[in-house]
Each structure stands twice: as C-alpha cells, then as structure tokens.
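Engineer: Below is the structure I would like to discuss, written out as structure tokens.
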Ligand code: FAM
C-alpha cells in the first residue's frame, strides 16, 4: 500500500509488462527462477572458496565443506563408532594411521572383527561338503566378535527359518506392485511395512526403559534378516514371472533357502556362491551410504525395519549398491558392440568413450579404499575355481588390466582399482540369474546383516541422536570476512 502510493514510478519499472501490455506476461515459475539463481550461486560459492577456502574451520578447511572433496574428507574424519568391520584403504595418510592402530597388517582392505576375508573363509563354519563360510557365522561374528561353533550356526539357521514368514498384507503389497517398479523400490516398501509388527516400536509405546532397548531391537533385527528371503524371492518371482514361491525348508541354511526361493536351490555351486556373496557384502564399516543411513535413521529410535528400509534406498543409488546392476548393463553393451572376444584396443576405446560421455566406469573407484577391493579378489578366486572359461569372466579380467591405467590417465579418480560390484554380476549371470535389476536386492539382503548387528549395538551402547551441524554460505562469508 505504502509502495503503491509513494513510489508509482518504481512499480512501473518493476512490472512494465503487466502495466503496459494488453497480454499478461506469464509469471516466472519456481523452476525458472531457480534456473536463474543456480549459476549466480555457483559463482558466489566459487568466490567464497577462492577467498576463504584455505582457512581452517575446526578440523577441516572451508574449501572442504564444499564440492567433491567432501566425500574424501568425510571418509577420513573420525565420526562414527562401529566394531563390526574396519577398512584399511592403503593410502599414505591412512596407512600411517592404520599402522599405529593395527600393527599386524595394514593392507587387507577390510577386517571383520579383526579378521580378513581369507581368514573368515577359513575359520567360519561351513555347510556339510561346502567350502564357503555360512553367513549365519558371519552374523554371529559381527554381533559377538567370536567365531561360533557349528551347532550355534545351525541353531541360527533354524531360528531364521522359523521367523521367515512375512505378513499377508506385505505379500499383497508386493503382489500389487507393477513389475515395472524397480525391485529395489519394492524391497524397500516391503521392509518398511514390516515395521507394523516391530517389537521395538511396541516396546517403546509401552514405555520401555533406555537400558532395555537392545532386547526388542535384537528381536526385530533377527526378524528382519529372517524375512528377507521371502521378500526377495517374492519380488524375483513376481517381476520375472518365475512361478510360485516355494516354502522355507527349516532343515536348510539361510543361503540354501534364499537360493531355493529364487529357483536355484538345486545348484550346489550357486548356493555356495550365495554363501560367499552374502558374507562379503554384509558389512563395510559404518560410514558407507547404506550402513550409515541405517545408523542415522536408527539414531532417531526408528525401529530396525524403518532404519533398514531407509538404508535400502541409499543402497539403490548407482554410486553405491546399484553399481552391480550398472556394471552388467555396461558389460552387456560392450559385448553387443564389440563381440565376445574384443581386442584390448577396442575395449580401451570403449572405456574412454564412457569417460568422454561424462559417465563413470561402474565398478571402479571407492570413497575409502585405495587398492583392489578384497571382495573383488574373493569373487575372482571363486570364478577361477568354478567358472574359469566363462566368456564374461574373461572380459572382466581383461577390463581389470585396462581400466586402472585409463582412470589414472584421466586424472580424476583417487582410486583406479575395482570394487566389489565389478565382479558380482558376472558370477550371478553365469548361473542363470541374469536379471540385472535384481542384483542390488541380493546386495540388500546381505547388507542387512551388518546394519542389523550395528543397530543392536547402537541401542545397547546408547548411541546418540546423529545431528551434524550445517552452515550457510552466508554464515561462512560472515565468519571469515577479514580473517587471514
Ligand atoms: N569412473 C569415472 N570417474 C570416476 C570414477 C570412475 N569409476 N571414480 C571416481 N571418478 C571421478 C569422480 O566422479 C570425481 O569426479 P568429479 O571431480 O568430476 O566430481 C573424481 O573422480 C574424484 O572422485 P573420488 O574422490 O575418486 O571418488 P568419490 O569418493 O567421490 O566416489 C565412487 C567414490 C565409488 C562413488 C566413485 O569412485 C564412482 O563413482 N565409482 C563408480 C561407481 C561405483 O562403482 N560405485 C560402487 C562403489 C562400491 F564400492 C559400492 O558402494 N558398492
């Protein structure tokens, strides 16, 4: 009102189209306005970084709060406690740190409760006639730090089989999903819905004391793991029209049941593969996107089903768990373009064309590791034993010889070596599980072991609500203006 009466000329300049034209100009939409603001803010951030970027802000530089350096800084900033597994990246910074903390061996890539992958392969109980560890044993190790007996592991198999049924309404949710809905979205929907029967949520409503949180969390964690084969199996059969889901066999181990629900229970080599697969995908420190999401959401005392549903949504991203699907898509495209036995030159050109198109080479690089992922090595050894002549396995080996040099030459990736996802899809494909959009679901079944163990301990130790501080660029400008 004041503006209108006292400054008519300003109004005319500000809204000339409305005042002077008979056609009413379209108001600027939110998206259009945002598109105008983004380049200006990019310039603003560049200027702030140029002026204050090298100034220390707590344990980091201002520059490190922005941009792609963020992941590498966060991946080294001590921020979380989780005893289940620890990575030793092999970089100079962490090598120094790691050597002092773990003098025995700094270069194994990962240790589960202090044990390397070859050590857990050797020490954890196996199925009769099997040579890969039973994931039941890995869960026991993650939770207790101890190697279980054969009988303790058999009891876990029986317990999980007894808890495996999923509520009818969850079956209906899955049956009503369109087959075009990505399996990971279906997976997360179903896991989230399991919170209907959460022991923790009920106990909380009933006024449970803080010191007792871990008990119902443990029950939920066990239920969560136990129910995943029925969820994964149902998704697989619905989406890929694979017929009716068989029942869980209480006399079989977890991996055998999962394999059977997917339709591969008669293939002992596939069952062995699943045992190895679940074991090595189970846990990868506390800070990776899925594990950390589970921990973060759990810190609000959301029950394990809600926390793991959120974790799955993080796992479904192409820079994280979905990379196993992306690798297979990438390999298939390469095969269809170059044939089954491409020359090194042709493969190199294909890799460069991926990078030149502004895409990442899936299955290579890591936020923490600075060497070949030992989970890749474990899968390669499995392939050498069980499928040495598989064409796609050979292609994966050929790519391994070429990608690191190319990524180094391209000059961006801090780690040019393969990660777990570079290998897993090839193994599954070999046994006939070639529906690549399902691969991340198997990663998700496995990762539940680590997240569930972590949630139990977080509640037992009273882990606090996670609430990192964020700052605005304006605050940074104000704080550092005029400071050297
Ligand atoms: N191909 C092309 N560029 C890559 C690359 C790759 N494989 N890995 C890293 N880079 C680029 C990265 O995009 C970044 O570029 P900009 O500066 O343009 O942003 C630069 O190199 C520095 O990245 P970094 O510090 O080396 O890696 P980050 O910690 O930022 O990211 C990954 C780590 C894993 C997300 C990254 O290496 C990547 O995108 N890899 C391909 C996707 C993949 O395989 N993900 C699965 C990781 C796996 F272990 C898992 O979580 N399951």
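Note: Cβ is positioned from N, Cα and C throughout, glycine not excepted.
Features from TrEMBL:
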ACT_SITE  320  active site
ACT_SITE  366  active site
ACT_SITE  421  active site
Engineer: Please list residues from the chain of residue 366 (active site) whose Cβ is under 8 angstroms from its Cβ, counting only those at least six apart in sequence.
Structural biologist: 89, 373, 415, 417, 419
Engineer: If you draw a 10 Å sphere on the Cβ of residue 421 (active site), how many other Cβ atoms land inside?
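Structural biologist: I count 27 other Cβ atoms within 10 Å of it.
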Engineer: Using a Cβ-Cβ cut-off under 8 angstroms and a sequence gap of six or more, which residues of the chain neighbour residue 320 (active site)?
Structural biologist: 288, 289, 290, 314
Engineer: Kindly assign residue 421 (active site) to one of the three DSSP-derived states: helix, strand or coil.
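Structural biologist: In the DSSP reduction, residue 421 (active site) maps to helix.
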